[in-house]
Amino acid sequence: AKMAAAASELLTGWCLFGLALLAILIFCWVYVRKYQSRRESEVISTITAIFALAVALISSALLPVDIFLVSYMKNQNGTFKDWADANVSRQIEDTVLYGYYTLYSIILFCVFLWIPFVYFYYEEKEEDDGNTCSQVKTALKYTLGFVTICAVLLLIGAFVPLDIPNKKNSTEWEKVKLLFEEFGSSHGLTALSFSISSLTVIGMLAAITYTAYGMSALPLNLIKGTTSAAYERLENTEDIEEVEQHLLRIKSKCRDGRPLSSRDRRTVQQLEERLRTLRRRERHLESVEKSWWTKFCEAIRPLKIVWGVFFIIVALLFTVSLFLSNLDKALHSAGFDSGFIILGTNLTNPLNMLLPVLQTVFPLDYILITTIVMYFIFTSMAGIRNMGIWFFWIRLYKIRRGKTRPQALLFLCMILLLIVLHTSYMIYSLAPQYVMYGSQKYLVQ
């Protein structure tokens with residue numbers, strides 16, 4: 001009976017996971033197809049962008065799943081449920097652990113090998129339309145630099161942080177042998193942890209740049225709204241009338257038979273070209289104004305304003321929670337050597353108080369923690385979309401609907417992968433007690 005109950009619970013969980021995975025893949029496909037350029041799109045870059053974006057979303061969703069599984073196996077008094085015996089609980093915990101290792105390894109693979117290779121392959125294809133073998137060789141040559149950086153990080157993480165016992169009689173060969181024995185016993189997890197931590201630092205810089213901007217830009221854009229098609233069409237009509245009047249003034253000079261000067265002829269050509277462009281834009285705006293999507297957006301305009309105000313309140317809540325949590329670490333933690341770990345909560349954190357209260361009504365707390373994680377992802381996407389891809393003060397690429405180059409989409413996905421790593425770490429500062437222990441309670445013997 002216990003095995004049947006456990007199998008039923010696991011089957012339900014896997015079905016929900018499959019539906020969530022299908023929804024994520026559909027969203028990634030729609031998002032990439034919506035923003036990629038129609039003229040410069042390529043199959044390999046499109047597949048890479050969809051895959052990397054899906055990995056970012058799945059990795060961000062793994063933390064709420066982890067909290068749910070750990071809490072779901074226990075009763076309110078802290079004891080395990082009947083079906084969750086030692087073997088079943090260990091099985092579930094190992095599955096989640098392997099999920100973390102797998103997804104983080106895929107992130108390393110994407111950041112250091114696959115995305116750079118596709119980027120350089122497409123750059124080489126634009127510069128030289130030669131054979132595919134030469135493009136692959138050149139792309140591999142440039143990608144080798146990223147692979148070297150990854151190998152250096154893995155080696156540093158594998159050997160440097162280890163605490164080697166200092167024996168006076170041990171030789172250098174014994175010390176090196178001990179290094180490899182320790183590396184084998186940890187199965188390379190220290191190397192993976194150090195590499196992921198290094199990428200998390202870069203993700204922190206990306207979150208400071210893009211996520212912070214998106215947390216303010218997304219709600220303000222929802223409240224402010226966009227210019228309506230009818231208003232743009234009115235402005236376009238005024239521009240057409242202005243250009244036509246300018247053309248009439250120039251052409252009126254030759255009514256008595258005198259030819260136009262070369263300067264006037266060039267001006268007439270430029271104005272006629274602009275007039276054709278404005279008329280094409282007028283036809284486009286007319287079709288947009290009559291489309292069902294425009295009417296739908298106008299109908300839900302009040303809902304967008306409500307969502308904008310809600311996102312501003314959420315951003316303020318996160319700011320206060322992060323400030324109090326970090327202030328608590330600065331005042332009451334064990335210090336730098338322990339990673340600023342704290343035992344218990346000394347300062348009241350509003351989000352850390354809200355989540356345990358929502359635990360009383362299933363599944364409000366899981367919905368909220370999932371919303372928080374998705375909020376960080378979508379604000380990061382909004383920040384990248386509004387700012388574009390920058391290298392210090394130089395704008396590399398713009399993110400525009402239907403006009404985004406494949407290189408920009410690859411950069412967007414790589415930045416999102418780095419931000420996801422930092423988000424998984426930052427969630428622990430937002431609600432440390434809840435995220436660490438879920439709804440578990442300590443059972444006094």
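Cβ atoms here come from the backbone N, Cα and C positions, even for glycine.
Unlike curated records, TrEMBL annotations are generated automatically.
TrEMBL lists 261-288 with the feature coiled coil. The transmembrane segment annotation in TrEMBL covers 6-31, 43-63, 98-122, 142-162, 189-213, 305-324, 366-396, 408-428.
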Per-region confidence, the coiled coil (261-288) (mean pLDDT, whole number): 79
Contact ranking winner - 189-213, 305-324, 408-428 against the transmembrane segment (43-63), Cβ under 8 Å: 408-428
Interface check, the transmembrane segment (98-122) with the transmembrane segment (408-428), three or more C-beta pairs under 8 A: yes
Other parts of the chain folded back onto the transmembrane segment (366-396), taken as Cβ under 8 Å at six or more residues beyond its ends: 35, 56-57, 60-61, 63-64, 67-68, 206-207, 209-215, 217-218, 221, 311, 314, 318, 351, 354-355, 358, 408, 411-412, 415-416, 419-420, 423, 426-427, 430-431, 434-435
For the transmembrane segment (189-213), sequence-distant contacts whose Cβ falls under 8 Å of one of its Cβ atoms, 6 or more beyond its ends: 101, 104-105, 107-108, 111, 150, 153-158, 161-162, 183, 376, 379-380, 383-384, 386-387, 390, 415, 417-423, 425-426
